[in-house]
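The block underneath contains the structure these notes are about, expressed in structure tokens.
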Amino acid sequence: MAKQKEKSSRLQDLDSGDGEDLSWDEVSHSVLKNSVRVLYCMGLWPLRSSRAYHCFTAFSLASSAVVIAMDIVAACYSLGDIDQMTGALSTILPMSGGLANGLLMILHRPDLCRVVRAVDRLVVHQQRYLRQDSHLAAVVARVRRQTLLVTIGVSCYLITIASYWIVIAFGKPTGLRVLPFVQLPWVQSSGLAHYWSTFAVQFYTAPFCSYATLSVEFFFLAVMLQLSAQFEILGSRFASLGRNPPPKAVVTTKSDMGTADSDAVYEELCLCVKTHQELLRFVRFLDDVMSPFAMLQFVAGTLAVCVVLFQAANNQDLNTNLKAAGWLPAPSLELYIYCGGAHEVVYEAEALVQAAYDCLWYNTAPRVSRAIRLVITRAQVPPVLTAGHLYPITRPTFVSLVNAAYSYYALLCQMQNK
């Protein structure tokens, strides 16, 4: 109950009106516009009130749920065959993750709209410092470039792998009635109409679910990279305290000039502290919003790595081995996107300690140096993004998840050898 009240207060602090749906105009001016547009194309983020768009979303999610149900039934037919079971799970797990991500997007859309507007406000708040420092402008440009390259690169990889799976299915004789992703036992004895309709539904839903997961991760990656850039800009502001000349003031004596310098530094320090507080508050809010998405991916991704690795290493069919080997990096990438993005946020937040220490605190007034010591003490406790409010999302966590997946794989190998 206390956590729920705390979360509600954070939402109120971020402005209660920010939960309204985004418009095309807002998105076009947002630093997250590319990620939001990808989600829009997937049917997961409506930008206008359209019955046709809502029907498209409902069709995609409902057809995915039907295919997952059929795949689960098919897996129950092969409970005694570990190869068939893991083969079915290698598709069921990513599809279930994609469907769950889609449902979470619908459920949390007001909070996600708040996230977009809050990120834009943070960026605008520190925009003027980019015009004063070309290095900071390069940092922001680098973040945008990284987000775009990851989106394009991973999308091309997924399209290539999905195309290979589908081409393999088309390459088989029609009489065998091979489906592109999960083989259903009852299809062999059904009519051609049923076979081709099942083929078409699998052809659409499996890539849709996989890319739904990735599009959600692209969004959160963009948010985390933008947040890390804002921490880096703040660090540059802390480090420059006392180095930049203060604004021109009317002074008559040397003592007045020193007072003016001290007041200018203290004023800028107060602005830095205020920005730091806003960033920390946003990190806590982002943790509340992103936590269920990350926890879902940690569970589904770890199990997917396990079963896909088993298929790639132990299946006797060459085509299945190649398909599994090609798909194996996908769930690992999905795990690393969260861990890598969150690690950047924590790293830049921790760097504020050194940045504050690097300013000319020893040449400032006592009140300024005391305030900087407080900033250093506070920055030594970095923000944390978690999965399910249980596991910190960091690069070491990614290594632990991969190790856990390999342990499950070894257990499956032992079960097969018995």
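The backbone N, Cα and C atoms fix where each Cβ goes, glycine too.
In TrEMBL, the annotation transmembrane segment applies to 86-107, one of the ranges 86-107, 262-283, 350-371.
Recorded stretches compared: 52-80, 86-107, 204-227, 293-313; the one with the most Cβ pairs under 8 Å to the transmembrane segment (148-170) is 204-227. Long-range contacts of the transmembrane segment (204-227) within the same chain: residues 31-32, 34-36, 38-39, 42, 44, 60, 63-64, 67, 91, 94-99, 101-102, 104-105, 112, 115, 119, 122-123, 143, 146-147, 150-151, 154-155, 158-159, 162, 180-181, 279, 282-283, 286, 290, 293-294, 297, 330, 334, 337-338, 340-342, 344-345, 385, each at least 6 residues beyond the stretch ends and with a Cβ under 8 Å from a Cβ of the stretch.
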